[in-house]
Amino acid sequence: MTHQLKSRDIIALGFMTFALFVGAGNIIFPPMVGLQAGEHVWTAAIGFLITAVGLPVLTVVALAKVGGGVDSLSTPIGKVAGLLLATVCYLAVGPLFATPRTATVSFEVGIAPLTGDSAMPLLIYSVVYFAIVILVSLYPGKLLDTVGNFLAPLKIIALVILSVAAIVWPAGPISNALDAYQNAAFSNGFVNGYLTMDTLGAMVFGIVIVNAARSRGVTEARLLTRYTVWAGLMAGVGLTLLYLALFRLGSDSATLVDQSANGAAILHAYVQHTFGGAGSFLLAALIFIACLVTAVGLTCACAEFFAQYIPLSYRTLVFILGGFSMVVSNLGLSHLIQISIPVLTAIYPPCIALVVLSFTRSWWHNSTRIIAPAMFISLLFGILDGIKASAFGDMLPAWSQRLPLAEQGLAWLMPTVVMVILAIIWDRAAGRQVTSSAH
């Protein structure tokens with residue numbers, strides 16, 4: 001007999017999914033986009049919500065449909081390419097960007113206002129921070145219970161208070177949009193949504209949500225998909241409400257900070273302005289705990305993944321990943337964001353193509369014929385977009401600037417659509433040939 005979840009269990013699954021997604025990036029990027037977009041904040045918000053909410057939820061649903069992790073999702077592109085994709089996802093949400101970012105965000109919100117942005121305080125902080133991360137990651141047994149029962153609700157309560165405050169007590173009038181947002185607010189919001197890395201995170205952690213439903217006795221594929229979809233939608237609604245409030249917070253904070261300020265600085269300035277020193281201390285403590293929990297979760301997940309393929313023990317990998325993340329974190333938050341933008345701009349398009357096209361797998365004679373070329377083309381043109389967003393943008397040939405949507409950082413979109421159409425024609429033709437030869 002198939003076990004069905006009670007309403008309480010479904011809500012708990014939704015909260016767990018929301019808590020998995022809400023990390024450092026989710027809190028710092030919406031205020032930054034809000035401040036820079038100014039009067040175009042809601043146009044930018046729509047673009048941001050597509051990549052920072054829509055795509056991660058879609059990824060969770062796609063994983064539930066195939067009943068597994070990123071390895072199941074990437075079946076149409078083959079084992080080697082699938083492993084490469086999984087490795088890129090784990091590196092991005094692990095030691096390259098997301099894990100170091102947890103340290104820099106908690107430092108900038110809690111410590112930098114007291115010490116300034118000099119290198120030595122960050123170095124000392126990062127050594128202590130990652131020593132704790134490594135220690136907890138070596139013995140993660142009780143972490144999940146602690147997170148689920150105490151820290152996740154605390155984090156959600158703090159975010160609700162912050163969101164309500166942003167709406168009820170705006171810091172000042174809306175700022176004027178930066179040049180980048182005057183003509184391309186939607187696409188800038190869309191590309192900035194990449195920076196939350198939630199789609200990559202969903203590929204890594206989506207299986208956790210599916211397994212959480214399984215652990216409660218749900219075995220039927222149809223019900224697993226349904227419950228995971230509900231959990232994803234609940235998390236999506238929560239993220240949307242949080243982001244809209246944080247966009248409002250950022251767009252109203254022009255009188256508090258410079259428009260080039262990063263999200264952590266905006267957040268600290270607003271909380272200091274609205275709640276005073278005690279509020280700032282509470283915010284710093286909560287963000288420290290939230291970031292630490294995220295860092296431990298990412299370190300554990302990455303160590304478990306790489307232990308399957310590298311002849312090193314889990315414990316050794318925890319030390320390596322923690323040490324590497326510590327070194328990277330000393331670049332500082334603003335530099336880390338600058339470096340991550342070109343890389344994420346390059347690797348997001350093939351992930352988007354894979355997730356969206358995974359829903360069409362049953363439509364084709366051979367889904368590999370559609371998905372593999374679409375991902376390849378989206379990666380090629382995504383790399384062009386990535387180079388354009390980097391310091392090497394001037395080295396690109398003139399024709400790359402004339403591609404459709406190139407100005408918006410979405411040069412990959414039209415070539416990928418064209419490739420999908422050509423691949424569909426090929427699949428239909430090749431499929432008919434196979435059938436006729438069989439008879």
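Including glycine, each Cβ sits where the backbone N, Cα and C put it.
According to Swiss-Prot, the protein has these features:
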type	residues	note
TOPO_DOM	1-9	topological domain 'Cytoplasmic'
TOPO_DOM	31-43	topological domain 'Periplasmic'
TOPO_DOM	65-79	topological domain 'Cytoplasmic'
TOPO_DOM	101-118	topological domain 'Periplasmic'
TOPO_DOM	140-149	topological domain 'Cytoplasmic'
TOPO_DOM	171-189	topological domain 'Periplasmic'
TOPO_DOM	211-226	topological domain 'Cytoplasmic'
TOPO_DOM	248-277	topological domain 'Periplasmic'
TOPO_DOM	299-316	topological domain 'Cytoplasmic'
TOPO_DOM	360-369	topological domain 'Cytoplasmic'
TOPO_DOM	391-404	topological domain 'Periplasmic'
TOPO_DOM	426-439	topological domain 'Cytoplasmic'
TRANSMEM	10-30	transmembrane segment
TRANSMEM	44-64	transmembrane segment
TRANSMEM	80-100	transmembrane segment
TRANSMEM	119-139	transmembrane segment
TRANSMEM	150-170	transmembrane segment
TRANSMEM	190-210	transmembrane segment
TRANSMEM	227-247	transmembrane segment
TRANSMEM	278-298	transmembrane segment
TRANSMEM	317-337	transmembrane segment
TRANSMEM	339-359	transmembrane segment
TRANSMEM	370-390	transmembrane segment
TRANSMEM	405-425	transmembrane segment
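For the topological domain 'Cytoplasmic' (360-369), DSSP puts the residue distribution at 6 helix, 0 strand, 4 coil. Across the candidate stretches 10-30, 44-64, 150-170, 227-247, 278-298, the maximum count of CB pairs under 8 A to the transmembrane segment (119-139) is reached by 278-298. Counting residues of the topological domain 'Cytoplasmic' (299-316) by DSSP class, helix then strand then coil, yields 12 helix, 0 strand, 6 coil. Outside the transmembrane segment (278-298), and at least 6 residues removed from its termini, the chain residues within Cβ reach (under 8 Å) are 20, 22-24, 27, 93-94, 98-99, 102-103, 105-106, 109-111, 113, 129-130, 132-133, 136-137, 140, 143, 147, 151, 154-155, 158, 162, 267-268, 271-272, 325. A contact between the transmembrane segment (150-170) and the transmembrane segment (10-30) is present, since 3 or more of their C-beta pairs, 6 or more residues apart, lie under 8 Å. Listed by sequence, the residues of this chain that lie at least six past the ends of the topological domain 'Cytoplasmic' (65-79) yet keep a Cβ under 8 A from its Cβ atoms are 85-86, 89, 203-204, 206-207, 210, 221, 224-225, 354-355, 358-359, 361, 367-368, 370-372, 375.
Tallying C-beta pairs under 8 angstroms between the transmembrane segment (317-337) and each of 44-64, 80-100, 190-210, 405-425 places 80-100 first. Note: the stretches the transmembrane segment (44-64) and the transmembrane segment (339-359) are in contact (3+ CB pairs below 8 A, sequence gap of 6 or more). Only residues 6 or more beyond the boundaries of the transmembrane segment (80-100), in the same chain, are considered here, and those with a CB under 8 A from a CB of the stretch are 23-25, 69-71, 74, 133, 197, 200-201, 203-204, 294-295, 298-299, 301-302, 305-306, 309, 321, 324-326, 328-329, 331, 336, 339-340, 343-344, 347, 350-351, 354, 372. As a summary of secondary structure, the topological domain 'Periplasmic' (391-404) carries 7 helix, 0 strand, 7 coil according to DSSP. Long-range contacts of the topological domain 'Cytoplasmic' (211-226) within the same chain: residues 2-5, 9, 13, 16, 61, 64-65, 67, each at least 6 residues beyond the stretch ends and with a Cβ under 8 Å from a Cβ of the stretch. Mean pLDDT for the topological domain 'Periplasmic' (171-189) in this predicted model: 83.
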